[in-house]
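Q: Taken from TrEMBL, the feature domain 'ABC transmembrane type-2' applies to A:69-306. Summarising the annotation, TrEMBL assigns region 'Disordered' to A:1-22. Residues or ranges marked as transmembrane segment by TrEMBL: A:75-95, A:102-123, A:143-170, A:182-207, A:244-261, A:281-303.
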Amino acid sequence: MTDVTAPPAGRRRQPPVKTPLEERPIRDVEAPLSSPSATTGLLEVFRRHYLLRLLVRREISARYQGSFLGLLWSYINPLSQFVIYYFVMGVIFGLHQGVENFAIHMFCGIVIVHFFNETFSAGTRSIVRNKSLVQKMAMPREMFPVASMLVSAYHLIPELVILVIVGALLGWTPTMAGMAAMVASLVICMVLGTGLALMFATANVFFRDVGNFVSIITNFVRFGVPMMYPYTMVQDRFGEFAELYLWNPISVAVLLFQEAFWVGTTKDPAATAASNLPADLWSYTAIGILMSLVVLAIGQLVFSRTENRIPERL
Amino acid sequence: MTRPASIVVDHATKNFTLRYHRTFKQMAMAAIKRQDISDEFKAVDDVSFTIQQGESVGLMGLNGSGKSTLLKLINGIMKPESGTVQTRGRIAGLIATGAGFHQQLTGRENIYLNAAVLGMTESETRRKFDDIVEFADVGRHLDSPVGHYSSGMFSRLGFAVAIHVDSDIFLADEVLAVGDKPFKQKCMQKMAEIRDGGRTLVYVSHAAASVRKMCDRVIVLESGKVGFDGDVEEGIRYVRYEADEDQEELENEDEELGADI
Ligand SMILES: Nc1ncnc2c1ncn2[C@@H]1O[C@H](COP(=O)(O)OP(=O)(O)O)[C@@H](O)[C@H]1O
Ligand SMILES: [Mg+2]
C-alpha cells in the first residue's frame, strides 16, 4: 500500500552522482581535428597490416566453411579443370601435338589464369560479401579487394608445390631467370587483378549484375591466353598480329610462368624457349607491368570517387 | 577553462536517394511513363554544432530524424555531401544497433576482428580479451557463430568490444534498446565511467531518464535539422512536446530505462 501512495519521486533510485563537466579531467588527445573518413586508400591498407591479416585469415576459413573437404577444394578445382582441358584439348582436338610436356605447359596456364580470375572476381564481390562490416565500421574499404587477392595468393601455394614436385621429377631445376619470370608473372596478376577488382567493386554494389559480367570476362581470359594451345599456334595463325595477343598482360604472365616452370622440364630448354616463347618476352613484360600499374591507379581513382555511396547502397 | 573541440560539425548535409526503380525493366518502364527515377532527400540537413572534449551529449529525435546518419558522418562511415565533419582522436561505439559482425564467425573471432577494425593492436586485444568476454557475458556461446546469437547477446558483444577500446570519442546509438535490465545497468555504469574519465560521449536515446543521467547537453534532430541544442531539461521537454507523449513518461520515470526503444 505504501508503495502505491508514495510519490513517484520518492520511489526513484538515487541517480549516480554526475561529475559536472568542469570537474572532469581534460583528456590529452594529441591528434589534430581531422576528417574521420580521410584515412583511406591502398597505402592505408598496408599500414593496417594486422587488420588485413585477420581479414585474410577470416576469408580463408570462411571460404570452405561448412564443407566437408575444406581446403582440399583448392586442389580439386584446378586439378579437375586440368583433367577436362587435357582431355578435350589434348586428346580430342590434338592441340598438344608437338608440344613437349604439354601437361605442365597447360598447368602453368591454369595456375596463372586461376589466380588472376579469382583475384578479379572475388575482389569484385568482396565489398558486398563483407557488407555487415562495411555498413557499420569505418575502415579503408580497399582492404576487401586486397584481402581477396591475398587469399587467392594463398591458394597458389599448393599449386606451386605440385608444379615444383612434378617439374623436379622431369628434370627441372630452378634458375635465376626462371624465378625472375615467376615473380614478374605473379606481380602482373596481383596488380592487374586488384586494379580491376577496385574498378568493378563499387559498381557491383549498385548493380549486382556486374558480378555476372565479370564471370563472362574471366571466361574470355581462359581462351585468350596460351594455356590450352601453345603460343606457337598463335604465331602460325596470326603472323605479325600475334604481337597484339601479347598486349594482353595475362598472356604475358602465362608465358612467363611457362618460362619459369615448363621450359626447364623439356629436353633442350634453350631450344624450347627459342621456338615457343616470343623473343622479346621481357619487353612485353615491362609493358604488361606498366599497363597493370596504370589499371591499378585508375582502379584506385574510380574506387575513391565512388566509394562514398557504398554504405548506403548495400 | 576552455576545452579543445572534439567534434566539429559544420553545415553538414547528407543526401539519400529513395530508389523506386531497380531493375532494367523497371527503369525502362519508368522512362516510358516519364516517372521520376530517383528522389533525393536530406537525412541530415545543414547541421552545425561543436562538441568539446569530455562533453556528454544526448542526441534525441523521432525515428527517422537522422540520428544514426549523423553518427555515421561523425564516425567516418559516410561523408557529408556538403559541409564538413571533423573529429579529434580515436572513435569507438555502436551505431544503428548492432556491431559490424560476421555472421559465420564465432564470438571469439569477431572480438578480434572488431577490435582490429576499431584500431586495437593484437596485444591490446589479448590483454583486454577476458574483460571483454566477462562484460559480454555470452558464456559458452563464445565459440559459436554470432549468427546464432540472440539479438541481446549480439549487441552485448558489440558493446563490450566498443567500450574496451581506448577511444577519445564514444558513440552510443540506442545501445540499450535490446538488452535486458541487468545489462542496461551495467552499460549505464560503464558509460558513466567513460564520461567521467573525460572522454567525449554522444548518446542516442529516447529515454529521458537515461539522458538526464548521462548527459550535460541535448541536441534534438527534427527531419535532419537541429531543432534544439542546449540544456538537458529543456531539451527533454522540447522532445516531449514534439513527441506528444509526456503523459506516459511522467508517470513511470523509473521504468524509463527499460523503455528505451
Ligand atoms: N541507406 C539509406 N538509403 C536511403 N535512405 C536511408 C538510408 N539510411 C537511412 N535512410 C533514411 O534516412 C532517414 C534517417 O535515418 P536514420 O538516421 O536511421 O534515423 P534515426 O536513427 O534518427 O531513426 C530515414 O528517413 C531513413 O529512412
Ligand atoms: Mg537510428
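Here, residue 1 is simply the first one shown, and the rest follow in order.
The backbone N, Cα and C atoms fix where each Cβ goes, glycine too.
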Q: Per the definition of 3+ C-beta pairs under 8 A with sequence separation of 6 or more, do the transmembrane segment (A:281-303) and the transmembrane segment (A:143-170) touch?
A: no
Q: Counting Cβ pairs closer than 8 Å, which of A:102-123, A:143-170, A:244-261 has the most of them with the transmembrane segment (A:182-207)?
A: A:102-123
Q: So what's near the transmembrane segment (A:143-170) in sequence-distant terms, Cβ-Cβ under 8 Å and 6+ beyond its ends?
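A: Answer is 42, 45, 48, 51-52, 55-56, 59-60, 63, 74-75, 78, 101, 104, 107-108, 110-111, 114-115, 118-119, 122-124, 126-127, 129-130, 134, 186, 190, 193-194, 197-198, 201, 261, 264-265.
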Q: If we skip the immediate neighbours and take only residues 6+ beyond the ends of the transmembrane segment (A:244-261), which ones have a Cβ under 8 Å from one of its Cβ atoms?
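A: For the transmembrane segment (A:244-261), the nonlocal Cβ contacts are 104-105, 108-109, 111-113, 116, 163-164, 167, 172, 177-179, 181-182, 184-186, 188-189, 192, 221, 224-227, 231, 234, 238, 273, 276-278, 281, 284-285, 287-289, 291-292.
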